[in-house]
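Annotated in TrEMBL:
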REGION    1-22  region 'Disordered'
TRANSMEM  49-71  transmembrane segment
TRANSMEM  91-111  transmembrane segment
TRANSMEM  123-142  transmembrane segment
TRANSMEM  148-169  transmembrane segment
TRANSMEM  190-212  transmembrane segment
TRANSMEM  218-236  transmembrane segment
TRANSMEM  274-295  transmembrane segment
TRANSMEM  307-326  transmembrane segment
TRANSMEM  338-360  transmembrane segment
TRANSMEM  406-429  transmembrane segment
TRANSMEM  441-463  transmembrane segment
Amino acid sequence: MMEEREDSETKPLHQDAGGSHVRRINPKKGILEMMLRPIRWLRMLSEELHWSFVLGVVIVYGISQGFGVGLSRVSTQYYMKDEQKVQPSQAQVLIGIIHFPWIVKPLWGLLTDIVPILGYRRRPYFIFAGFLGVISMLILSLHKNLHLGFALLSLVAGSAGIAIADVAIDACVTQHAISHTYLAGDMQSLCGMSSSIGALLGFSLSGFFVHLVGAKGVFGLLAIPASLVVLVGILLRESQVRNFAYRRVKEKIVDASKAMWTTLKCRDVWRSCLYMYLSLALGLHIHEGMFYWYTDAKEGPSFSQEVVGSIFSFGAVGSLFGVLLYQNFLKNHPFRDILFWAQLLHGVSGLLDLVLVLRINLKLGMPDYFFVVVDETVSRMIGRIKWMPFLVLSSKLCPSGIEGTFFALIMSIDHIGLLSSAWSGGLVLHMLNVTRTQFDNLWIAIVIRSLLRLIPIGFLFLIPRSDPNLSILPSEMLRTKRGNDVLEPENIEMATLVNSI
C-alpha cells in the first residue's frame, strides 16, 4: 500500500472525458529525460562496445577530423586566395589534389590489417599519422614565401596523416559493426555527431583565428589536433602479434586482394559502390567559386574572415541536425527510401545559391548574411542525411578479416567521386570564365550543378532495398577468423596513461 501511495504521488492520475484514468506527464521530468537521453545513449554504447571505442571515435572523428578540418578549410581557402594568389578554378583542382591520400585509403587499410609494426597493427600507424600531421602543419606555418608546389606537398602530407588515422579507427568501427549489427546505425551516428560537433567548434573559431593570426598561423594551431592522434597511438592497448611471418606479407596482400575482388563481385556490393560514386561525382563541386564570390568587394557581399567562419559554423549545426534526424527518425528506414528524398532535396537546395548570386534575396528584403546562413544550414543538413546511409551501408558491405581494408576501399571510391566532382567543377568554372574578379556566369554553374544532382535518382535501383538493421553480405563472409593474424574487436581498448608507462 505504501508503494502504491508513493507511486500515485509521483505520477498522479486524472480522469479524461471518457472517465478513464490517464497519467499526467511532469514537464520538468520530460525536459530532464530529454537532456539525459544522449548521456544514456553514450553509456549504452560504452557498455556494449567498450568505453575505449567511444573515446577513440571522439578523438579521431571529433578533434582530429571535425575540429581540425573545420579550422583547416577556412585557412586553406584564404591561404590559396591571399597567399598563393590562385584563381577559383585552380583552387578547385588543388583542393582535389589535397584529398588524394583519401583515394589511396585501401593502401593504408592493407598496411594496418596485414603489416604489424613491432607486433602492433594500430598503435604505430596512429603515431606515424600524428607526427606526419604535426610536421607538415609546422612547415606551412613557419616557412616564409613557400613555393606553391611545396605548400601543396605539405597540405597533401597533412591530409595523409588524417586519412591514415581515419583508416585505423574505421577498422574498429567495421569490426564492431559485424559483431554488433544492430548498433551499426548508432555507431555511424556517433561518428557523425562527433565530427559535426567538432566541425562546429572548428568553424566557429576559424574566422576569428584567421583574422587574428592569419592563415599560416592557423596551420600552426592545427599541429595540436595532430599531436592528439599521437596520444591515441600511445594510449591504445592492443594484443601484440607474436612471431609474425613478414615473409608472408606478399602472400597476405594477394589473399586480401582476392578477398576484396570476391566481395566486389557480389551483386549488392558493386551496385552500391557504383551508385555512391555516381551520386558524389554528379554533385559538381563549385564551392571555391562561391567562396571567391562571398569575399569579393564588388560583385559579392564582401564577407570578412569572421563572417565566413560563422557561416561554416552554421553549416556544421545543420550537419549535426542531419545526424540527429537520421539517428532518431530515419535510421530504420530502407536505404533506397531515404536516398530518394535526400537526393531530391539535395538538388532543389542547390538553387538557393542561384537566388543569392542573382541578388533576388535583396529584392525580397532578405540580407545576404541571413540568406547565406539559411542556405548553408539547410544544404549541410541535407548533405549529412544523404551521407549517413552511405556510411551505414558501407560498413555492412565489409567482409570479416579485411574490414579496415575493404571499408577503406569503399571510402576511396567515394573520394574518387568527390575528386571527380571537384575537378569537373573546376573545369566548368574555367569554361564559364569565373575568375577572382569575374562572376557573371557563376549562376550558370549553379544551374548545371542543381540539374546534375537529380540524375542519381534514376539509378536508385542499384541500392539494395533491405532492412538497414540486417546483414547484407552472405553469412560465410561475416565469420570472424581466429588466430594470431587477425585482430579481434575485444582486443582493442584504450589503456590508461599509468598502464602505458
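Cβ atoms are placed via backbone N, Cα and C, with glycine included.
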Which of 49-71, 190-212, 274-295, 406-429, 441-463 contacts the transmembrane segment (148-169) most, counting Cβ pairs under 8 Å: 49-71
Best-contacting stretch, by C-beta pairs under 8 Å, relative to the transmembrane segment (218-236) and drawn from 49-71, 91-111, 123-142, 406-429, 441-463: 123-142
For the transmembrane segment (307-326), distant same-chain residues with Cβ under 8 A (at least six beyond the ends): 70, 73-74, 185, 189, 192-193, 195-197, 199-200, 202-208, 210, 291, 294-295, 338, 369, 372-373, 376-385, 388-389
Selection from 49-71, 91-111, 123-142, 441-463, the stretch that has most Cβ pairs under 8 A to the transmembrane segment (274-295): 441-463
